[in-house]
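Engineer: The active site, proton acceptor annotation in Swiss-Prot covers Asp309 and rests on sequence analysis. Here Swiss-Prot flags Lys20, Gly90, Arg118, Gln165, Arg340, Arg381 as phosphoenolpyruvate binding site, drawing on sequence analysis. Annotation comment: Swiss-Prot describes Lys20, Ser21, Arg25, Ser163, Ser164, Gln165, Ser191, Asp309, Lys336 as 3-phosphoshikimate binding site.
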Amino acid sequence: MKVTVGRSGVHGEIFAPASKSYTHRAITVAALSKESIIHRPLISADTQSTIKACEMLGAYIEKDGDKLLISGVDGEPQTPDNVIDVGNSGTTLRFMTAIAALGQGTTVLTGDNSIRSRPNGPLLQVLNDLGVQSISTRGDGCAPIVVTGGLKGAIAKIDGSISSQFISALLLACPLTKNSTTLSIKGELKSRPYVDVTLDILEKAGAEIYLEDNQNLKFIIPGNQKYRLKEYTVPGDFSSASYLLAAAAMTDTKIKVNNLYPSMQGDAAIIDILKEMGANIYWNKEEGTVEVNGGKLHGITMDAGATPDLVPTVAVLGAVAEGETVITNAEHVRYKETDRLHAMAVELDKMGISTSEEKDKLTIKGGELKGADVHGWHDHRIVMSLTLAGMIAGDTTIDTAEAIFISYPNFFDSMRSIGADVILSEQ
């Protein structure tokens, strides 16, 4: 699918979609509980992968209007009858690899081409240290993965610099083992807010996990716990809302986005980023509304350590801002659905913007965006960010636009509803 974007601005009021990060975790924890109701979940390709995987591990999940009714396995996942195919969802792969380790049988997990190239070695090594037999069939740390259950609590270490999903996966599984676990993080924990989201959901389900954060971060996880999520309402998604807010800031127009209450989401940093760049923005935390009323943007330096999903959005903001925007501490952004640093550099270059790329850094020199045929890299965040660029440049066509179904299936409808000129076509 392709999308053609014309020069346009935005106006009006819109609701932010539900959080993908919270939805993944709520479904997983509910599937490990008994009876739960999840209100206003995000239903997208990625979260449907988690639903399907949880069902294969023994949970019963029914969609009833804007809620999910979940009868879980009470901490004892079954052995699936077939291979778990997670599609394009790295979150599902990492979470279900650890959850499958709680069972007694053998589980095989795989995914699409992108998933089969993403690293999982540190997670597999820790699971082996905790009494599980877990292997990458090709010996490269990537899917397909084979897990034979028997997860036991113990003392373990894991590298925190590649993906916080490894840590979240272990935090979801380890409280359900018979023995306690001590998990030490080596190096900087990248994308830490996503671990905070995991801890937030686990706390709401009654789990107890203790943190020691002196010289090195350490999680103390008592064993033999039970999850009881009961009822949970998924908050709005700041990652997805970043495109709506950035669109108004870039085009010097006005918008109000609802359903953005405070939570543990690190991507709420988009509000401070836009403010630092010169946008007129106001967040009413009590009402859960964010209003943007244009502004003259200038370049900034952004540390992407905690907020990798904002990198494509900020790269496009930098393309229209005065001066240079420098995105630092961003090597882990290369290990997403695609190498997002490289992808944004390549596509912005096509649109007339000067960029320079280093191992953990992307520099964007603000300039005049020009319409072009650009590649979406089969990556939802690349497609959505380039849509914003097209609204400034006009006459821009983006391929692999179907990638939006991963996290924001209604993205183009949402953008049209607030004034964006977007036209979809089959390739």
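We number each residue from 1, going along the chain as drawn.
Using the three backbone atoms N, Cα and C, a Cβ is placed for every residue, glycine included.
How about a rundown of where these features are and what they're close to?
Structural biologist: For Asp309 (active site, proton acceptor), the same-chain residues 6+ apart in sequence whose C-beta sits under 8 angstroms from its C-beta are Ser239, Asp267, Arg381.
The Cβ of Arg118 (phosphoenolpyruvate binding site) lies under 8 Å from the Cβ of Gly90, Leu93, Cys142, Ala143, Tyr335, each on the same chain and at least six residues away in sequence.
Taking all protein chains in view, 24 other C-beta atoms sit within 10 angstroms of the C-beta of Ser191 (3-phosphoshikimate binding site).
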Engineer: Which state, by DSSP, holds Lys20 (phosphoenolpyruvate binding site): helix, strand or coil?
Structural biologist: helix
Engineer: Ten-angstrom check, please: count other Cβ atoms within 10 Å of the Cβ of Arg381 (phosphoenolpyruvate binding site), all chains counted.
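Structural biologist: There are 31 such Cβ atoms around Arg381 (phosphoenolpyruvate binding site).
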